[in-house]
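> TrEMBL feature annotations, pasted as is:
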type: BINDING; residues: 67, 118; note: substrate binding site
type: BINDING; residues: 118, 144; note: Mg(2+) binding site
type: DOMAIN; residues: 7-212; note: domain 'HpcH/HpaI aldolase/citrate lyase'
Ligand SMILES: CC(C)(COP(=O)(O)OP(=O)(O)OC[C@H]1O[C@@H](n2cnc3c(N)ncnc32)[C@H](O)[C@@H]1OP(=O)(O)O)[C@@H](O)C(=O)NCCC(=O)NCCSC(=O)C[C@H](O)C(=O)O
Ligand SMILES: [Mg+2]
């Protein structure tokens, strides 16, 4: 699957073997083995070994990523070196604030890097980060962003709207994929549906997740709607080039391209 088609990107602590086993049974499009905030410092080395082993065993064709620790952490160097020798698809780098951090990881790990934008400085530098060498996609880290921007968790996402849209803008200008942040309330399916719909409306390609129960909701929200796919197929069939009337609306070349992209996404996710 192309990264841009991923709808559900599930984080799990690399140090949790039950979660690793569970991930192999889920309909998530990407598995992200975390070595950063989900793993206590004392367990970092064991978690790296577990991540390398899990990647070696594979996740049944799901995209595989490992989130490493930031530069300055003792485990940062060994993580990059160890991942270079694996079949991991992407390295996720947290708390990115400039393009050089991504380039440095890319040059050592030799894997495409997904940069997490998690601070005011990261947001302001996002266009350069997204366009920089080795950057395959952006994630927004909404928990760290809230903290950095002093937005209380109780405030909803209104105060984050400009930030989220800025990150999408940076990714699109660079032609790379971009994924929304995690939803912390594990038992609030209605809230998750609303946040997925909002993220989809902002232009995100999919959503990062933290629990198996969140996977079907993200797949539904970011998978093309069956009716929209049927419309797209009819539009492609009907279009002859230039401006024309199609089912009561004007269509031009960009609508045909949009329809083709939607059909390609539907086929990629098996719809
Ligand atoms: C949040 C959790 C700690 C909750 O754990 P728990 O209460 O134990 O979950 P359940 O009992 O409901 O689990 C049911 C079964 O599902 C498995 N499970 C749970 N979570 C996952 C998962 N993420 N992936 C795969 N499988 C999972 C359990 O093992 C149970 O199965 P079984 O053992 O067979 O009975 C927990 O969900 C969790 O650890 N989630 C991931 C946390 C994480 O990775 N955090 C880091 C990423 S968040 C982030 O990026 C923030 C960002 O940086 C920012 O700034 O915003
Ligand atoms: Mg974070």
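Cβ coordinates are placed from backbone N, Cα and C, and glycine is handled just like the others.
What TrEMBL says about a protein is an automatic prediction, not a curated fact.
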> Could you state the CA-to-CA distance between residue 118 (substrate binding site) and residue 144 (Mg(2+) binding site) to the nearest Å?
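With distance taken Cα to Cα, residue 144 (Mg(2+) binding site) is 5 Å from residue 118 (substrate binding site).
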> Taking the Cα atoms as reference points, how far is residue 67 (substrate binding site) from residue 144 (Mg(2+) binding site) in Å?
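One finds 15 Å between the Cα atoms of these residues.
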> Check the binding-site residues 67, 118, 144 for any whose Cβ is under 6 angstroms from an atom of ligand 2, and report them in sequence order.
118, 144
> Within a 10 Å radius of its Cβ, which of these binding-site residues (118, 144) has the fewest neighbouring Cβ atoms?
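Output over binding-site residues 118, 144: least Cβ neighbours within 10 Å is 144.
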